[in-house]
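**Q** Here's a structure for you.
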Amino acid sequence: MNRNQHKPMFVTFLINILLLQLLNLTNASPSPPITALYAFGDSTVDSGNNNYIPTLFQSNHPPYGKSFPSKLSTGRFSDGKLATDFIVSSLGLKPTLPAYLNPSVKPVDLLTGVSFASAGGGLDDRTAKSSLTITMDKQWSYFEEALGKMKSLVGDSETNRVIKNAVFVISAGTNDMIFNVYDHVLGSLISVSDYQDSLLTKVEVFVQRLYEAGARRITIAGLPPIGCLPVQVTLTSINTPRIFHHRICTEHQNDDSRVYNQKLQKLIFGLSQRFRGSKVLYLDIYSPLIDMIKHPRKYGLEETLRGCCGTGLLEAGPLCQPLSRTCDDVSKYLFFDSVHPSQTAYSVIASFALQKLFPLL
């Protein structure tokens, strides 16, 4: 038989396969509604847990919270809401994501999510220990404690359903790189690549813990452009005139962030293959932040490499105080202090995640 005679049959076969796949997609049941959001990590998702521990890494004082409802200084390292607050509100879960250690949080509140995160912490427990904040191991212990409270309230079956359909957010790594590589005396002795690999191993272990606890929707944030954080711009230009004028990002640190994020995405792909029935996804924060830096006018921003608090060069936490001068219009600033994004920036990050990531969950 002529080889060309097989072509129509083969094409028909392919079309039938494609039609079957489309039919399966059409008939596939939609993902169950998201029941809750639980956050682990550092200041990017800490709703105020550090208010209840003895550490200098606190922001429960003005001018923090100046854009928050009632201008409350809740312990969030921003002028207002974090990305996780915008997300839980958009999902219809609650107005904002509370801190687990907040005494006002009741067992029923745990059913729709809380933050276990701690500003100053990291994937490497040594980071949190050096800043006297809550390690990832301790955050995990708090999560197990919360599970017990939930089971006492609604039983094992309902708790398991909540956990299975909840979104888990891990956002950490920036402090690890800054404290242990860039701004540490031992940094020159550490291979950046090797240290990144050690952090990713910790991510893998934590995700496995979540999976074994019943989590099936897990998102892991990559690193931001660390070299564009105002404090890093300042510290790497301390001896040059550009400390005040013509400030530019520290590109080798941004390069490190991009490499880490590539490694993280590779790890996440492997975890997705390994943990069948789960959705482990990469939460890209680098792209929206660098886009705001490169195209500020698109977002109504005017200042992207200085914070709103004080000089905007070094102030954060205890250095950003009630008497600190603040900018006239924080909505035009990408960063509120020298490290942490403003509410405006967090709103953009949340919108980016809700558009690009959450439809996949």
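Cβ atoms are placed via backbone N, Cα and C, with glycine included.
Got these off Swiss-Prot a minute ago, pasting:
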ACT_SITE  Ser43  active site, nucleophile
ACT_SITE  Asp337  active site
ACT_SITE  His340  active site
SIGNAL    1-28  signal peptide
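Give me the local environment of each listed feature.
**A** DSSP gives Ser43 (active site, nucleophile) a coil state; it is part of no helix or strand. Long-range neighbours of Ser43 (active site, nucleophile) (same chain, six or more residues apart, CB within less than 8 Å of its CB): Phe57, Ser59, Phe77, Ala117, Ser118, Ala119, Gly120, Asn175, Val339, His340.
Mapped onto three states, the DSSP output places Asp337 (active site) in coil.
Residue environment of His340 (active site) contains 27 other Cβ atoms, counted within 10 Å of its Cβ in all protein chains.
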**Q** Can you count the other CB atoms that lie within 10 A of the CB of Asp337 (active site)?
**A** 30
